[in-house]
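Report on the following structure.
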Amino acid sequence: MRTLGTCLVTLAGLLLTAAGETFSGGCLFDEPYSTCGYSQADEDDFNWEQVNTLTKPTSDPWMPSGSFMLVNTSGKPEGQRAHLLLPQLKENDTHCIDFHYFVSSKSNAAPGLLNVYVKVNNGPLGNPIWNISGDPTRTWHRAELAISTFWPNFYQVIFEVVTSGHQGYLAIDEVKVLGHPCTRTPHFLRIQNVEVNAGQFATFQCSAIGRTVAGDRLWLQGIDVRDAPLKEIKVTSSRRFIASFNVVNTTKRDAGKYRCMICTEGGVGISNYAELVVKEPPVPIAPPQLASVGATYLWIQLNANSINGDGPIVAREVEYCTASGSWNDRQPVDSTSYKIGHLDPDTEYEISVLLTRPGEGGTGSPGPALRTRTKCADPMRGPRKLEVVEVKSRQITIRWEPFGYNVTRCHSYNLTVHYGYQVGGQEQVREEVSWDTDNSHPQHTITNLSPYTNVSVKLILMNPEGRKESQELTVQTDEDLPGAVPTESIQGSAFEEKIFLQWREPTQTYGVITLYEITYKAVSSFDPEIDLSNQSGRVSKLGNETHFLFFGLYPGTTYSFTIRASTAKGFGPPATNQFTTKISAPSMPAYEFETPLNQTDNTVTVMLKPAQSRGAPVSVYQIVVEEERPRRTKKTTEILKCYPVPIHFQNASILNSQYYFAAEFPADSLQAAQPFTIGDNKTYNGYWNTPLLPHKSYRIYYQAASRANGETKIDCVRVATKGAVTPKPVPEPEKQTDHTVKIAGVIAGILLFVIIFLGVVLVMKKRKLAKKRKETMSSTRQEMTVMVNSMDKSYAEQGTNCDEAFSFMGTHNLNGRSVSSPSSFTMKTNTLSTSVPNSYYPDETHTMASDTSSLAQPHTYKKREAADVPYQTGQLHPAIRVADLLQHITQMKCAEGYGFKEEYESFFEGQSAPWDSAKKDENRMKNRYGNIIAYDHSRVRLQMLEGDNNSDYINGNYIDGYHRPNHYIATQGPMQETIYDFWRMVWHENTASIIMVTNLVEVGRVKCCKYWPDDTEIYKDIKVTLIDTELLAEYVIRTFAVEKRGIHEIREIRQFHFTGWPDHGVPYHATGLLGFVRQVKSKSPPNAGPLVVHCSAGAGRTGCFIVIDIMLDMAEREGVVDIYNCVRELRSRRVNMVQTEEQYVFIHDAILEACLCGDTSIPASQVRSLYYDMNKLDPQTNSSQIKEEFRTLNMVTPTLRVEDCSIALLPRNHEKNRCMDILPPDRCLPFLITIDGESSNYINAALMDSYKQPSAFIVTQHPLPNTVKDFWRLVLDYHCTSVVMLNDVDPAQLCPQYWPENGVHRHGPIQVEFVSADLEEDIISRIFRIYNASRPQDGHRMVQQFQFLGWPMYRDTPVSKRSFLKLIRQVDKWQEEYNGGEGRTVVHCLNGGGRSGTFCAISIVCEMLRHQRTVDVFHAVKTLRNNKPNMVDLLDQYKFCYEVALEYLNSG
């Protein structure tokens, strides 16, 4: 409408009625408008009004005068409509409609829009042909309509008013239908219908009578289709012109009715409607059909009866081309079928049909293509010139003349090598397909043949249409060596001093076996004192003998037997197996006369002599006391000569045992003969040597036991006999009086002294006796129960002796690798001599710390009573030298008087300073716990918010660091109500590091609210955006971008979230937390604000972190630590920092581990040079740094106690353990979930962390025959996607093949299905599909097994670093591709020890290099050993980890 409005101009001045003849349809509105045949629409919002001011004057100056049709827009909302309909006109002669209109407004704003429509033949209304919407003029104007519809069409003119919401008037008057042409507007002649094919231009020619001037607008108007612009105007005379319009790129949507329009200064001219018909070129709906096919032709049916588009069809064509070619050919077709000839055999073609209708552009696009292939043709001939190139014992190589497509006449063909030979009197026929046909010198090698065999060979060229054969050749394979004797057939029956060896002849003899050669050699013995140098030899046996008895061997010795078979060509490969002779019982010394050295009523003293070992060292000596009872026969005595089952004296009566163990000694404590007293009332290795009872008779036995390889052999000898003491007769009273009087005085004096002495001793020994009673009760429980509870342990419990005083010096300083110094200290327990790191002591005046340390200064707010806190100054708790730390911790843990418990209890508990702000009612809701709140003197004060006088409070306190005031803020874990305050504090304090030492939820309780976003979050005026997350096994590092409204600054803040703290207690080991502390130190900017540290309450774990961080700095700078005074200082700043004794002890253990181990990480750029230096041998110590590092690792590796492995030691689980000395601890067991009958949920396996993922590895032993089903339950239950196998299948060592080579193996409900296998260098990879048949809804899992062949059993390390690194990378790639790195990896070797640990350690080191560009082999192995002490158990394996890291760096 706006376009039409702009094309119209005001027709000012045309106030006179045009002269000439008029037709019906006009109206002057002097009479009612209905008399003129005018009407109004029923659906209008309001009606036009007929006004006559002559008969009904008005005083409204805005209303025109006269008689007219009026719309008063006052009070009418915007958008309301009213229509005035003229009568239908059927004027075929030239005529003109003339009318006047009036527009006025009281606000100078248009009162509405006046439109004129022309509706033809009661058709759609269409768009307005004329409108006026300009500013009101308050004068009458004239307009004319030149309408050309032509007979038999009729039309109707409609006036429409659309209100604008403004007050005013719109009126029309003097509507006339004149019988002559319009004076200012051209008339169109009749326009004709147009038909085109889709995609072509449709041109409409509109001839008009009249003049056109510049400024007139012409266009082609359609109904429900697009308008077309003017193409050109051609003036044919002074009063005639032709206007052309193009509808471009026609489609079916353009078909419809169009009319010509011209807008002039005086009015509008319109033509009749013409139809645009758009025809769609025909396209077949279906592809042509294949009637028949040959090698060189295709016969098709056009199949073009059904089409898309319009007919009629005037022509047909077939277009075809090769599917891979760029050319095509088009052939006209005059029938419904067509044969395409002269085609190539076995070639794919695409064939389409094209149809044409009349008119330009009438040819449609090609129809759907038929894609088909010609048949192959019979090969021209068979292969020629077949000849033998090379003959070997197991293979022959043949060659033939090359050929190509012109011979095969087919792209799909097989060249098959057909050969036959006899095996065992039976004809064997084989076929192999050769794919080397395109080689310029084609040849094929037939392998896996038997030696000395005639083989007939021919080639067969085959395609789907036929086959051609070559001539046949016959050739004989060469002679060969025999195969190996089957390893599983080498069986040995072992005795103490002989082995009976049996074997079978090789499965593949390849001739007559003439000889067997057996080489034997002693490789190891359980007894290190045995000389094995003479225990070797070689034996030859004739080919028909397959057994031999070896005698004169040593007990307890492992012998290696290697057998080779020989034919006339020589010896075949060896087969080796090992067998171990049984150990013998120790040889006890002779005791010809059972005469004791001394004897009292309660004791017997005998001389104990060392026993002679036989095959295994003596493990232990034991003293057994047997009570002589009535009715014991000699036979029974002989049967019970030796005593394999130890029984404590306390349990002997409970068990009704006739004997008990009085003492037990380690073998090294009895190197020479020495006396021993039975009944001395002391305890030896847990056995109470109780005094003998005088009225009983005893036999004293001395026995020695040797233990090795699961065997225990005992020998014993009776060393003494004690008879019962006969009671002396009682003397007569009168003879006794003098004697009694004489001794009474002596006895009274002695008794007085004893009473005083006992009073003192009882007080001193009270706790010691209590401890002994506890140990005795514990020992009894261990004998009477199967399972014991797991207990936490520390370094002192793991490897120290509380009765010995010693000191240590670590081979690693706090900053890095080992250093050397002339001074050294000796550890008595293992004679380890190491050096003092000079960097501990930068200044001689600081070698010993005192209460001058800032950490030890008293605080103003401390309120203590002397009676409650006996130690108030640093003088009673001086700093401890790092060199003395191990001794100090050992003494504190083993102390019978003042130990960690007493030291921790000396700390002031509870409030020690005012906390009035925290106690305000307005601040109570800001505290997570009512008893852990902020002291006033050290609390963090936030900037006050407007209108809130308490908005400066947050539950957090400043804590001083090492020579850095207010270096930390200890705070609680944010609550939902305090998240905004928390970020306010972080921003205000310019904090760059947040340390979080809790999980959000622990044991079902919320410990901290999640105060950070996963993407972006706005906390009032602070915007926090997560930009990076680094997930590691025991902690997460998140990086945020933080902005504050109104401040043009973006700060980067890191959150260090330690996730490895258990729900109860403290971490089992400090290794992970120490690595976490080092990360915080390395990534915290030195000039930033305080470190914000929080757990849940902000006291216990928070205190642990801060104390450890401060003490590491102190140890590095001063060579001392002052843990006690540091904790005391922290508690003066915030209540109850370090909340439990357990945490206090853990801090000591963590600092000790840090001092022992140091920071062993190496930047990637320095690995090569440092590793070279680490391997240099020190001529003075004859050792190297890497050896010392490995020794340190062994020293700090915890030893598993019996109670740690209680589940593995249950009797029902014994048969599931390959080695009883390599057991998984209870805390890292993966309990089996899948139910399998009565089977237990135990498997000998342990969960291990990788660098980035907790419990990423499961380390286990090679499945035993009875645990294969448990192994697959483990794989399924723990979502394992990779299995790494680092040992060989060896049934002799109970290492069966546990997987299927094809088909499906069923292990209870678990089904393992073989999918595929591949061999690449030293790695066999097999893919299996496993699923639980009892739970089909769970679906299946794909598991890839990687069997590594490059680690022979006789080597401590793999043969190749490159191939082992390739194994690591293949496992990583499969893990990432199959399960996004989320699945676990099962790693197993023979016993789940050194080899498995080496794989896990190297995998961790490679992850370190990828993500941190550092190498820390020590930390990687230490982390693994925290769960299993036998991980990476050899120095060579430890070195190999470094060497693979170098290989990783070299490979890029």
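Every residue, even glycine, has its Cβ placed from backbone N, Cα and C.
Going by Swiss-Prot, these are the annotated features:
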| type | residues | note |
| --- | --- | --- |
| DISULFID | Cys27-Cys36 | disulfide bond |
| DISULFID | Cys96-Cys182 | disulfide bond |
| DOMAIN | 186-277 | domain 'Ig-like C2-type' |
| DISULFID | Cys206-Cys260 | disulfide bond |
| DOMAIN | 481-587 | domain 'Fibronectin type-III 3' |
| ACT_SITE | Cys1095 | active site, phosphocysteine intermediate |
| ACT_SITE | Cys1389 | active site, phosphocysteine intermediate |
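A separation of roughly 29 Å, to the nearest angstrom, links the Cα atoms of Cys36 (disulfide bond) and Cys260 (disulfide bond).
A simple way to gauge crowding: the CB of Cys182 (disulfide bond) has 25 other CB atoms within 10 angstroms, across all the protein chains here. Rounded to a whole value, the Cα-Cα separation of Cys1095 (active site, phosphocysteine intermediate) and Cys1389 (active site, phosphocysteine intermediate) is 41 Å.
This prediction places the mean pLDDT of the domain 'Fibronectin type-III 3' (481-587) at 90. Across the fold, the C-alpha of Cys27 (disulfide bond) and the C-alpha of Cys96 (disulfide bond) stand 14 Å from each other.
Long-range Cβ proximity for Cys260 (disulfide bond), meaning a same-chain Cβ under 8 A and a gap of 6 or more residues, is found for Phe188, Ile191, Phe204, Cys206, Ala208, Leu218, Leu220, Gln221, Ala243, Phe245, Ile270, Ser271. The disulfide-bonded residues considered are Cys27, Cys36, Cys206; of these, Cys36 has the fewest other C-beta atoms within 10 angstroms of its C-beta. Taking DSSP states H, G and I as helix and E and B as strand, the domain 'Ig-like C2-type' (186-277) has 3 helix, 56 strand, 33 coil. Secondary structure at Cys36 (disulfide bond), taken from DSSP and collapsed to helix, strand or coil, is helix. A sphere of 10 angstroms centred on the C-beta of Cys1389 (active site, phosphocysteine intermediate) encloses 25 other C-beta atoms. In the three-state DSSP classification, Cys1095 (active site, phosphocysteine intermediate) falls within coil. Under DSSP, Cys1389 (active site, phosphocysteine intermediate) is assigned to a strand (E or B) in the three-state scheme. Secondary structure at Cys182 (disulfide bond), taken from DSSP and collapsed to helix, strand or coil, is coil.
Between the CA atoms of Cys182 (disulfide bond) and Cys1389 (active site, phosphocysteine intermediate) there is a gap of 108 Å. A sphere of 10 angstroms centred on the C-beta of Cys1095 (active site, phosphocysteine intermediate) encloses 26 other C-beta atoms.
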